Amino acid sequence: MSEIFDTDVIVIGAGLAGVTAARELGTRGVDTIVLEARDRLGGRLFTEKRLGKYLELGGNWMHWTQPHVWAEVTRYGLEADRLARAEETFWFANGEVCKGDLPGFMQLIDPGMEALVGNAGKLLPRPDLVADSEDFKEADQLTLQQALDALELSDDERQANEAAWVGHCNGPLDQVGYSAALRWTAATSGAWKVMHEASSVYRLKEGNDQLVKSIAGDIKGEIRLNTPVTKIEHDAEGVSVTVEGGETLRARKAILTAPLNILHELDIAPELSEVKREASQTGTASQGVKLWMRVKGPIKPFFAYSTKDHPLSVVRTEFVGEEDAVLVSFGADASRIDVTSIEDAQKALSVWRDDIEILELAAHDWNEDQYAKETWLINRPLAYSQSQAELQRPEGNLHLASGDIANLWAGFFDGAIESGLRVAREVSEQL
Ligand SMILES: Cc1cc2nc3c(=O)[nH]c(=O)nc-3n(C[C@H](O)[C@H](O)[C@H](O)COP(=O)(O)OP(=O)(O)OC[C@H]3O[C@@H](n4cnc5c(N)ncnc54)[C@H](O)[C@@H]3O)c2cc1C
């Protein structure tokens with residue numbers, strides 16, 4: 001007698017990976033139910049009207065060199081907009097604050113960038129595939145700090161490069177894998193300035209949630225918000241998924257899109273493979289802070305870089321008005337600053353500028369968020385070589401999709417969409 005299922009595929013999580021997978025399955029005639037723990041779509045894509053703007057408390061920037069996300073921008077006719085162009089740039093040299101322009105700062109970091117990631121295209125000629133060359137594995141043993149320390153740079157160049165990489169990697173550089181820098185740059189075929197622009201300039205004018213809402217709008221099946229999954233049991237015939245409150249749903253397959261750092265906390269039977277559990281337990285290097293500040297205007301648009309050790313290594317204007325401006329800032333370690341304290345933020349800002357008055361702050365604590373426990377994926381040394389292929393491998397009828405385990409732009413919206421597309425195809429082919 002054939003078994004009765006509630007649906008063909010249960011998708012756990014309505015972040016970009018989950019909604020993309022559900023939409024794709026629907027277009028292939030596969031029925032889905034999406035179960036999302038939060039009261040909203042988007043996961044780590046989180047737009048909120050704060051400080052008078054559509055603020056991105058999670059993922060922020062996207063670019064046409066990111067093929068999966070940009071296809072969605074085109075498909076849905078979404079309007080991208082850029083941040084205010086910096087008129088001034090501040091950085092540290094000889095222990096003093098220097099003032100110049102952005103091209104001047106880019107020139108300062110160029111030798112370090114070229115020496116560090118100029119070989120990215122050679123080490124990762126096909127960043128869209130899982131890399132397994134011996135040269136890449138060797139590089140993957142290093143932390144980003146070790147790779148930087150091995151370069152012959154002046155103190156000023158080193159400090160400036162370190163601050164720029166904190167902005168990208170959102171974790172202490174002695175925990176970040178060198179592979180993160182190589183993978184990001186390989187995604188733009190070795191052009192580090194393009195990588196820099198791709199990861200920090202363009203966002204959606206009306207808020208990035210337009211992206212996730214557009215994709216979700218094309219999902220044919222049900223999406224249940226406020227529905228945390230508490231147990232997943234899989235066998236040769238299908239997957240049973242129990243949600244808070246006790247209801248159990250049964251499907252032929254399930255796609256789990258939870259962030260890497262919380263995979264090991266989920267009650268899954270039979271349990272995930274040892275490599276998967278260890279990768280999750282060890283956790284990513286992503287533990288930084290993203291803090292928004294509304295400040296008194298008028299001010300000129302600016303960029304500022306300090307050092308890897310400051311609570312905020314990078315600060316810049318994102319929106320500039322007559323009366324006020326909104327700044328966005330990043331630091332390597334969220335525990336170095338209280339994001340609710342204007343006093344703390346003012347102190348951090350004063351390393352460059354004591355002429356700016358902070359009026360209001362906004363942030364989301366991703367490291368303590370029980371459905372994330374990380375910001376954006378940044379691997380530790382060797383994590384990629386040891387677990388990337390295995391994390392993409394399904395466990396019977398339980399499949400994994402996530403921006404954290406994508407190939408090309410892992411840790412980005414693009415990677416989440418890539419992963420959702422790939423897994424939806426694999427699942428529908430198997431069904
Ligand atoms: C501060 C910050 C800044 C970033 N900046 C950028 C950027 O500038 N550009 C860029 O491209 N990317 C950026 N990112 C990364 C980007 O947001 C993510 O890579 C992408 O959104 C991940 O999508 P996902 O679907 O893989 O995971 P998620 O968005 O985390 O989705 C997973 C979903 O699963 C749900 N879930 C978890 N557990 C359960 C459960 N038990 N039951 C049911 N549901 C569950 C979660 O609530 C969540 O909705 C940033 C992220 C952060 C946090």
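Even glycines carry a Cβ here, placed using N, Cα and C.
Site annotation for FAD in TrEMBL covers Glu36, Ala37, and the matching candidate from Val212, Val229, Val239 is Val229. DSSP gives Glu36 (FAD binding site) a coil state; it is part of no helix or strand. With a cut-off of 8 Å between CB atoms and residues at least 6 apart in sequence, the same chain places Gly13, Ala14, Gly18, Ile223, Arg224, Leu225, Asn226, Thr227 near Glu36 (FAD binding site), listed in sequence order. Cβ neighbours of Ala37 (FAD binding site) (same chain, under 8 Å, six or more residues apart in sequence): Gly13, Asn226, Thr227, Pro228, Val229, Tyr371. Among the residues Glu36, Ala37, Val229 said to bind FAD, no two Cα atoms are farther apart than 8 Å.
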